[in-house]
C-alpha cells in the first residue's frame, strides 16, 4: 500500500460513505422529478377545467328524423313515408355519385379574370374548366356555386358539417389526426336505414366517422394523412370507382362517395401556385369528364370541396381562401334552374351568391328522397329545386319542410338546455310570420301564383337564416363556473412554482420530498372529496373531481411549506437582472390582451432579445476581470448576431400582410423550400459541430467520447440530414428523372430513420454510459538530484550547537496527476444531451428552420458563457432568456399561432404511411422543436463551470427549471384570463384563442420534457461526474 492511500478500515468507511451519498442523491433526484410531474398534473387539471368551460361543444341531440313522420303536415297532394318515391317530398334521383375533391377552392373552378396589377394567370387557373363550362352551356343540367365552409377548415370537421348540417366547434380541430364516430343524425345513417347501398372510396376519415355503414366488398379506404403522396389515393379511387359505373355494376350500389386527396396534398407540399397543382387539377378535369360520360339519367353527380387553401396551400383557419370551396351538381336530365336570368351563369368570385356547406344536407336529402337529419341547420339550395321552369312552388315546399324540421330541433334543443323564450324570440316571430304567409296563400280563393310561392320560400328562408344566426350565438356560450375553477387552479399552481423557484432560501432538493408528499396526498384526498360532492345531480362528477384534486393538491403543497417557514422569503426580484426578467414577463402577459401585439409577437420577441444582448454586452464591459470582460463581451455580441441573423427567417400570418414578407419557403405562395436554401443544411453540417467543439475546447473538455460524438457521429448525422433534404428537393423539382418518386421516398425514409437511430439510440447510449469529458495525464516524478561536491569535516567544527534531524533523508519526488477539463466537467458532460436532441430536431425542420435552430443552440452556448462571465448562473436571467428564445425560435422555424402553419408533412419524414403514436409525435417535434431544445438546455445553466463536488447542485438545477417553467406558466395564465375576458371579442377565434391554445400546449410540453428528459438527464450526467470525483458530502 502506498503512503498516500488510506488504510483498510478507512478505505472501507469512505466507500460506504460514498455509497450512502450516492443513494441519497438518487433518491432526492427521483423525488425532484416526481415533484415537477406533480406540477404538470396541477396545470393539466386547471387547463382541463378551463377548456371544458371555454371550448364548449354543442349539445348533441340523439333524436332521429323518421321517413314516415314529417315535421309538419304536408298539405299538398303527396303521400309521405315512401322510400321508393321520397319520404317527405318526391325525390328527383335514384342514385348519386358524390365526389369530394379535398381543398377544391372556388377560384380553381372559374376562368381567370385579369385585374389591374394581377393580369397573369397562375398555375391553378383555368386547369379545371369542366365545372364552369357545363354550368354555362347547360344551366338546367348543372350549376356551380361558391361553397362556404364554417371554420375550423380541417377535413374531419368539414365532413361532420357536410353530413349532419350542423356547425363545428373549435375544439374538434384537435381530433384531426383520428376522428371519432358521429353519434347524431346524418345523411350516411339515413341512407343506411333506407336500405341504400353506400360505397366509399378514398380518404379513410369517413370510416372513423361512419363505421359499419359502407358496403364492405366494394369500399376501399386509403390513408389520408400522407401529404407527400399526390397520386396513390387518387389513382386508387379511379381504379375502384370507374368499374362501378359500368352497366353490369349498376345494381350493386345506390350512392358512391369518392374522396380525392391529390389537390389538397399538392397544396400542402408545393402550394397552389405550382406546376404540380396545375397537373393535378388537369387530372381531375379529365376524371370528371369521364364520369359525366358514364352517368345515366337517374344518377346525380355532386362535386365539391370540403374547404379551400391559403396562399401556401395550408388550411385550418378562417381566411377567405380557406373557407371558399366549390359546389357543382350535374344531371343528364334538365332538372335544375335559377331564380332569374342574372343568376344563370356561375359567379366569377366566391363573394357572390354563395351557399353554406351545411345547405348540402337538406338539398341532398330531398333530391334522394330522404328525411332531413334531425339536427340540420342548413337550407335547401334554390337551383336544385327550381327546375327549368323556375318552379317556386317546389322550392317553397322543401323550404317549409326544412324550416319545420329546424323548428322541431329548436324546440327540443331549448328544452334540453332550459333556454328562456327570450333566447329564441326572434326566430319564433319569423316562424309565425312564415306560416302566416303560407296559410294566407293556401286559403286564398285564387290559384297560387309563382310570386306567392316565392313569398313563401323567402319567408321560410328568412326564418332559417335567423335561426342559424341564433345558434351561432348560443353555441358560443361559455361555462363561467368551469372557466373560473380552471383559472383558480392555474393561479394556485403559479403561486406554488413562484415560491419554489424564488421563495426558498435553502437547498430546494432537501425540502422537495416534503412538498411532494403533501401535494400528492392532497391531490388524492381532493379528488376523492370532489367525487363525493360530484354525486350532486347538478354538477359534473369529472369536473368536480378534477377541481377537488387540483385545489387539494395545491393547498396541501402550500401547507407543506409551513414546517420550512423560517427559510421562506417573498418571491420578488431583488437584483437588476431579476427585476428586468420580471418586467419583461409582465409586459408580455399584458401585451397579449392586444390583438395587434399578439399578431406581431415575433417582432416583439426580437426586440426583447436584442435588448437583453445589448445590456449583457454593457454589463460584460464593466466587469473587473479582463478575462470576464472579453468572455462576456464576445459571447454577448455573438448572441446578438445570431438573434439578428435568425430574424431573416420569417413566416407571415395573414393579419401581418402586406407589411410582412415571408422568407421561410421559396415564396409567399409556396410550401417548399427554395433551391438556394439547401446550402443551409450543408452549412449546419460544416459549422455546428465545430462550434460545439470550440466551446468544449475552451475548457479542455473536448476529449474522449465528446470527440467521438461531436466530431464524428454528430457530423455524420448532419451530413445525412443535408442529404435527406437534397433528395427531397430533387423529388420536388424532378432533378433526377431517371429515379422514380417511390425510390426517392424510400431512400429518404431510410436516411431519416438512420438519423433518428443515431440520435436517440446511439446518442442516448453515449450519454448514459459516458465518463466525464476529461483528459487525465500522468507526469513522472523528477530524478533525485545528487550533491555535486563533498562537504569538508571543517564545516562541522564550529561552536554552534548541532541539531540532528530525526529523518535527514531527502524528500522523495512524487509523480503528478494533471486533469484537463476539471473546470467545466459538469457543464460539458450534460451538454451531450442537447447535442443529441438537436440532431433529431434538425432532421424534422425544413432547411430554413435548420439554420435558425442551429443558431438557437449557438445562442444557448453564448448565454452559458455570458452568465459565467457575469456570475449570474443563479439568477433568473438564464432560465428566462431560454424561455424567450424558445418562444422566439418557434416563429423562426416557420410557425405562427395559427392552425394553418402546422407542418403536417413532417409526420412522414421518417415514415411512408401514418403510424401512431409516431406521426403526431414527429409533428410535435417539428412544431415545438425550439421550446424542447431550450428546456433541455436549462440544467446546463446551473452546472456550467462549477466544481465537480459543488454542494446543492440538484437544488440549483431544480430552481432554474422552476424559473423556466414559471415564465411559460405566466404566459399561459395571462392568455387564459385574457381569452376569458375577451370571449366576445371579434378576434377571439382568429387571434386570442389560438394564442391561448399555443400557450397551454407549450406549458404542458415544456413541463413534461423538462421533467422526463432534462431532469432525468441530470441524473446520468451529474452521476457520472460524482462517480469519478466522489459524491457530495463525502
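Numbering starts at 1 and runs along the chain as displayed.
Placed from the backbone N, Cα and C atoms, the Cβ positions cover glycine too.
Residues annotated as transmembrane segment in TrEMBL: 30-56 (among others). Sequence-remote contacts of a segment are chain residues at least 6 beyond its ends whose Cβ falls under 8 Å from one of its Cβ atoms, and for the transmembrane segment (30-56) they are 169-171, 475, 477-490, 492-493, 496-497, 508-509, 512-513, 515-516, 519-520, 523, 543, 546-547, 549-550, 553-554, 557, 954, 958, 961-962, 965, 969, 972, 976, 979-980, 983, 1000, 1003-1004, 1007-1008, 1010-1012, 1015-1016.
Among the features that TrEMBL reports, transmembrane segment is placed at 480-502 (among others).
Annotation source TrEMBL lists transmembrane segment at 514-536 (among others). Same-chain neighbours of the transmembrane segment (514-536): 31, 34-35, 38, 41-42, 500, 542-557, 559-561, 563-564, counting only residues six or more beyond its ends whose CB sits under 8 Å from a CB of the stretch.
Residues annotated as transmembrane segment in TrEMBL: 542-564 (among others). Listed as Cβ neighbours of the transmembrane segment (542-564) (distance under 8 Å, sequence separation of 6 or more from its ends, same chain) are residues 38, 41-42, 45-46, 48-49, 52, 482, 485, 488-489, 492-493, 495-496, 499, 504, 506, 511, 514-515, 517-531, 533-534, 536.
Taken from TrEMBL, the feature transmembrane segment covers 576-593 (among others).
Look at TrEMBL and you will find 678-697 (among others) tagged as transmembrane segment.
Here TrEMBL flags 709-728 (among others) as transmembrane segment. If you look at the transmembrane segment (709-728), the same-chain residues 6 or more away from its ends with a CB under 8 A from one of its CBs are 673, 678, 681-682, 684-685, 688-689, 692-693, 696, 702, 744, 747-748, 751-752, 754-755, 758-759, 762-763, 766, 832, 835-836, 839, 842-843, 846-847, 850, 909.
Listed as Cβ neighbours of the transmembrane segment (749-770) (distance under 8 Å, sequence separation of 6 or more from its ends, same chain) are residues 704-705, 708-709, 713, 716-717, 720-721, 723-724, 727, 829, 832-833, 835-837, 839-840, 843, 909-912, 1017, 1020-1021, 1024. Residues annotated as transmembrane segment in TrEMBL: 749-770 (among others).
According to TrEMBL, the transmembrane segment annotation covers 921-941 (among others).
Annotation source TrEMBL lists transmembrane segment at 953-977 (among others). Counting residues 6+ beyond its ends, the transmembrane segment (953-977) has Cβ neighbours under 8 Å at 25, 28-29, 32, 35-36, 39, 43, 47, 50, 486-487, 490-491, 493-494, 497-498, 500-502, 504, 506-510, 512, 585, 588-590, 592-593, 826, 874, 876, 878-880, 882-884, 887, 934-935, 938-939, 941-943, 946, 992, 995-996, 999-1000, 1002-1003, 1006-1007, 1010, 1014-1015, 1018, 1022, 1032 in the same chain.
According to TrEMBL, the transmembrane segment annotation covers 997-1022 (among others).
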Residues of the parent chain within Cβ reach of the transmembrane segment (678-697), under 8 Å, 6 or more residues beyond its termini: 706-707, 710-711, 714-715, 718-719, 721-722, 725-726, 729, 773, 828, 831, 835, 838, 842, 847-848, 850-851, 854, 857-858, 861, 864-865
